[in-house]
Amino acid sequence: MISNFILFALFIVTIALITKPLGSYIFRVFNNERTYLDWLAKPFQRVYLLVLGESSKKEQTAKAYFFSLVSFSVMAFIFVLVILLLQGILPLNPQEIKGMSFPQALNTAVSFITNTNWQSYSGETGVSYFAQMLALAVQNFVSAAVGLCVAIALIRSVARHETATIGNFWNDLGKGVFWILLPISIVIAIVYIFQGVPQNVMAYLHVHTLAGTEQIIPQGPIASQEAIKSLGTNGGGFFNANSAHPYENPTVITNYIQMVSIFAIAAALTYTFGKWVGNTKQGWLIFGVMLVLFIISLVVMTISELHGLDFLHSKDIQDIYGQVGHLSNMEGKESRFGVFYSTLYNTVSTSASDGGVNSVLDSYSPLAGMMAMLNMAIGEVIFGGVGAGFYGFFMFLMLAVFIGSLMIGRAPSFLGKRIEANDMKWTMFALLISLCCVLVFTGLAAVIPSVHQTLTNSGAHGFSEILYAYISGANNNGSAFAGLSANTNYLNITIALSMLIGRFGVIFAVIMLAGSLVKKKRSLQMSEISSLDTTSFIFAILVFFTILLIGGLTIFPALGLGPILDQLNLNFL
């Protein structure tokens, strides 16, 4: 127990120590100030902007910014789709893996351009090295950079006033990749290689075991993909077992680096925001609320797994319980990680839009599985994905400002800018579109017989598997309850739709809100005298409960039919 507490404290301290320097660095990068990586990144940026021409030089309005973002994503989608369909005839395919079917290729392409990395295929048998490196790994970089661009555009809109532009998407995209994601990923990949993660393009090895049987040992460019998988909060594993596989996550050190990587940029953006708007206290308040939500989620999930079998009344289990005095749920977990390393990793990955796992979520107790769902359903605002976590949290922040101001009889304003009805429309659109998508698609899937045939469990747990799939897809997480066999035409297409709606529906609302905020006048005197204090402890509590009430209660009826009912069923075994 003491070692678990030390690990947790070390993790939190590491994230806190990273936040300010990395946040300041991100601020300098996007504010066109000198950085210590200019010598490395500028040559790449010059070539990139030279190819783009004039489109990368002019500042863009919100509509133009969104149009550029969607145009880029469409091109990326077509690029990935074609490679996946044709991978059987492309080079670097020593295992002679065939091209995907169209529904599966469509699902996978959508998954990677939306930073979801939902996988209805097994990585070691479904994708060639060429497709892994040129299609999927590239999207791990640029899809994360797209989310970062949206967050930066939103931050600019708060900091600027009485103007019409929020930056240039193409310029921001290059900065996100060349100054931030690529350099850090190179360092992480080198560390992974030294820790034993393979990085090659060899054919799979066929070895004879001591038992006289043949075993196939997969190979591949794993370290490079694993680095950006976590840093870019992508989560798509090179192997079907994801970070439970010893080639993806061989040591406690790689496990720790992956967890820190997932939260690093998301945490840093809170300081970037505070520094950019001239109020670092505001940034630290956001960090604090995120941290409290994370701790609560981790505690509930860990206790559920450490004591997940204590309530079972089976005689056989009671006999074991009587012998050991305590029975934790180790099903689906790596013995080298144990319960706490597993719950910590999976709380991190479901709080962010990462989706990587080092244990099987479908084997978790219903209450622990519910916490994973809730982390995603509230919009993954507990630090969250690269960029996506910040702009998702900002929507709740705006709602809390609006509610709090009206409660005390003041005109809603945030950092000197009036919050008007149109702003709240975009805010609520961003907050509700993913949840509506989840409820509609889950309801449809629950009454379709062909979907029932893909389940390995029935009843409440079977419903939980369906619900988890659409929560994960719509919130661009990508993790799954493994009991759902997702490679069917219906699930491939509907989960792809949920990923598209959850990604670009929210981004559209966020950018439109940014376009509204950037045009407003900014009066700091008005903010100080007649508005809600948005850096106070009381406001932090208001934001906390706004997230729980709006995000949590909306999905609560569905959770009641799934994991809550599943937990109650277990209690009466």
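Each position is counted from 1, following the chain as shown.
Any Cβ shown, glycine's included, is placed from N, Cα and C.
According to Swiss-Prot, the protein carries these features:
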type	residues	note
TRANSMEM	6-26	transmembrane segment
TRANSMEM	66-86	transmembrane segment
TRANSMEM	135-155	transmembrane segment
TRANSMEM	177-197	transmembrane segment
TRANSMEM	257-277	transmembrane segment
TRANSMEM	283-303	transmembrane segment
TRANSMEM	382-402	transmembrane segment
TRANSMEM	428-448	transmembrane segment
TRANSMEM	493-513	transmembrane segment
TRANSMEM	537-557	transmembrane segment
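Contact between the transmembrane segment (428-448) and the transmembrane segment (257-277) is not supported, since fewer than 3 Cβ pairs fall under 8 Å when only residues 6 or more apart in sequence are counted. Note on the transmembrane segment (177-197): residues 25-26, 29, 35, 37, 40-41, 44-45, 48, 141-142, 144-145, 148, 222-224, 226-228, 230-232, 247-248, 250-251, 253-254, 257, 261, 264-265, 386 of its chain, located 6 or more positions outside it, place their CB under 8 angstroms from a CB of the stretch.
Counting Cβ pairs under 8 Å that are 6 or more residues apart, the transmembrane segment (493-513) and the transmembrane segment (66-86) reach 3 or more and are in contact. Within its own chain, the transmembrane segment (257-277) has Cβ neighbours under 8 Å at 11, 14-16, 18-20, 22-27, 30-31, 148, 151, 155-156, 158-159, 180, 184, 188, 191-192, 226-227, 230-231, 233, 243, 249, 283-284, 286-287, 290, 344-345, 348-349, 352, 354, 356, 383-387, 389-390, 415, counting only residues six or more beyond its boundaries. Proximity of distant same-chain residues to the transmembrane segment (283-303), defined by a Cβ-Cβ separation under 8 Å and at least 6 residues beyond the stretch ends, is recorded for 8, 12, 16, 19, 23, 267, 270-275, 339-340, 343-344, 346-348, 351, 364, 367-368, 371-372, 374-375, 381-384, 389-390, 393, 397, 534-535, 539-540, 543-544, 547.
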